[in-house]
Amino acid sequence: MRTSIATVSLGGSLTEKLTAAARAGFDGVEIFENDLLASPLTPEEIRSRTADLGLSIDLYQPMRDIEAVPEDQFARNLRRARHKFELMRRLGADTVLVCSSVSPLAVDDDALAAGQLRRLADLAQDFGIRVAYEALAWGRHVSTYDHAWRIVEAADHPCLGTCLDSFHILARGSDPKGIEDIPGQKIFFLQLADAPLMAMDVLQWSRHYRCFPGQGGFDIAGLLGHVMRAGYEGPLSLEVFNDVFRQAEAGTTAVDARRSLLVLQEATGPLLQEPTALATPPAPVVPTGVAFAELVTPDVAPVAAVLDALGFTRTARHRSKPVDLWQQGEARVLVNTGPAARRDGTALAAIGLESPDPAAAARRAEALLAPVLPRRRALEDAPLDAVSSPDGTELFFCATDRPGLPSWTGDFGQVEHDRDPRRVTRIDHLALTQPWHQFDEAALFHRSVLGLSAQESVDVADPYGLHRSRAVTNADGSVRIALGVGPAPTDEGGRAQHIALATQDVVDAARRFREAGGRLLPIPANYYDDLAARYEFADGELETYRGLGILYDRDQDGEFRHCYTETIGRVFFELVQRDGGYRGYGAQNAPVRLAAQHAVRPGR
Ligand SMILES: O=C(O)c1ccc(O)c(O)c1
Ligand SMILES: [Mg+2]
């Protein structure tokens, strides 16, 4: 299907919005009136700029407070409409959105509304323009899509149809099934927006919290299914009023937006019997494990010291790059001292995802607009497909020593070593703080590009703000990535990242880490007093935790014990012991941990 986006969904000037929409691959735009009014470009210039970018102007909007008013007022409304139709002729836009009136002058009279909309459509016809009537969820007398349609039907004019907006329909709890009763050709336009489920005033909800399909709680695919069954053939257009997107860079938002439409089409196709024009990206290839985490560092000594104290051994070195492989059990950490490190300091730069079909995983990622990274490799290296995730972390699709597939480990030459204490068995999870405006984008990206499932988002108090976290995982938990946003508990204010390592005995692992000279994050005594109040422990157990800085959590499925290393650059490690079926991440303990991390920063 053709895809379109309302300029109100993006930040910046009209030119920036149009450029971003075109670069992300949209076919058209809805021009929001305020964006035009504020633009120094003439309507003719906007028209040619849009055409040069390969975009059509699919809608001009909104026209407000038109219908069901006293005759003298309607005469003034028609005069206003004539002006706008002239403007639309200059713009080359042939469809205008009229939203249901919120005016105190409007009366509750469907026949009057239909009659006046019919006269508006008559005028529009002279200009070759179509009028799409949309029910705002807070419209004074018309607030549901079926009511708007009844009025359009009664008006019975070829230049008058309805505009459906998923937000207004679903926010009011209307049953979208009735959409199928509207003839497809009379649905002149379809606007799509999702929103988090919240109990609040619907106008505020709409104007501030809309998000792209798949980022909120509405069943947009279900709604689109009804619209497709009705026979709609127009564009799928995103109209998202969102305070964060307004302030974010238009280019990344536009890509996030178009990815949401691809994923929505993919989800809707199977709901329909007939073949449709909906996009069908290549199927997801879900990763089956974490092959490695790659750190970059300009200063290898402290990183090597922490890895060594954690029980890792440097087992191999890349044949052509300054990259070491440190290993313990199935946990593999690459330490890269190449050029990126001088730019970024110590950071988690890349994740290797074990993939059943790395090439197919890369094709899926590319189809869903993940930036493909150039393969910078020496001749003998294994071909590794990689894409960049929204926060810049590189994701490699790889195979580790699997028959028939080139293994990334082949690029490394063994280094003499004689120990593998196996205190750490594998990487339990990776936690990546996202840029503040890319949290929803990151969740949708990991879910759609990688085929991971997103868990509920959790809010955690941080002494300097709020930390929000949402995990994306595969079915067996062998890939867990915790996406977060919040104030940075790092020295230079960089976005914190951490590697959580699974161990079967966190007390032993913590003790040995300390004996080897490692420093664990100190946890306040008050925390342990509270633990004593909440749970009963065996004799001496709590004292052991207190002495080492081990945190404890329990839920209906099992227990969780964990502790943290000091932070190097943006990165720290966590040792975690999961028992029973505990699937969380110790959110209960996160406020104490975050406060402790802030507390050890210089000057606190
Ligand atoms: O919030 C509004 O006023 C508004 C305007 C136009 C729309 O299409 C819409 O859905 C909402
Ligand atoms: Mg709308």
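Note that Cβ sites are derived from N, Cα and C of the backbone, with glycine treated the same way.
Mg(2+) is bound by His429, His498 in TrEMBL, and the record lists one more residue there from Glu294, Glu330, Glu354, Glu574, which is Glu574. Summary of the site annotation: TrEMBL records divalent metal cation binding at Glu134, Asp165, Glu239. Screening the candidates Gln185, Gln191, Gln215, Gln265 against this entry identifies Gln191 as the one listed for that site. Sorting the binding-site residues Glu134, Glu239 by the number of other Cβ atoms within 10 Å puts Glu239 first. Among the binding-site residues Asp165, His429, His498, Glu574, the ones whose Cβ sits under 6 Å from an atom of ligand 1 are, in sequence order, Asp165. Among the listed binding-site residues, namely Asp165, Glu574, the Cβ with the most fellow Cβ atoms inside 10 Å is that of Asp165.
Sorting the domain 'VOC' (289-400) by DSSP state (H, G, I as helix; E, B as strand; all else coil) yields 27 helix, 44 strand, 41 coil.
Highlighted here are the binding-site residues (Asp165, Glu239, His498, Glu574) whose C-beta falls below 6 Å from ligand 2: Asp165, Glu239, in sequence order. The highest number of surrounding Cβ atoms within 10 Å, among the binding-site residues Gln191, His429, His498, is found at Gln191.
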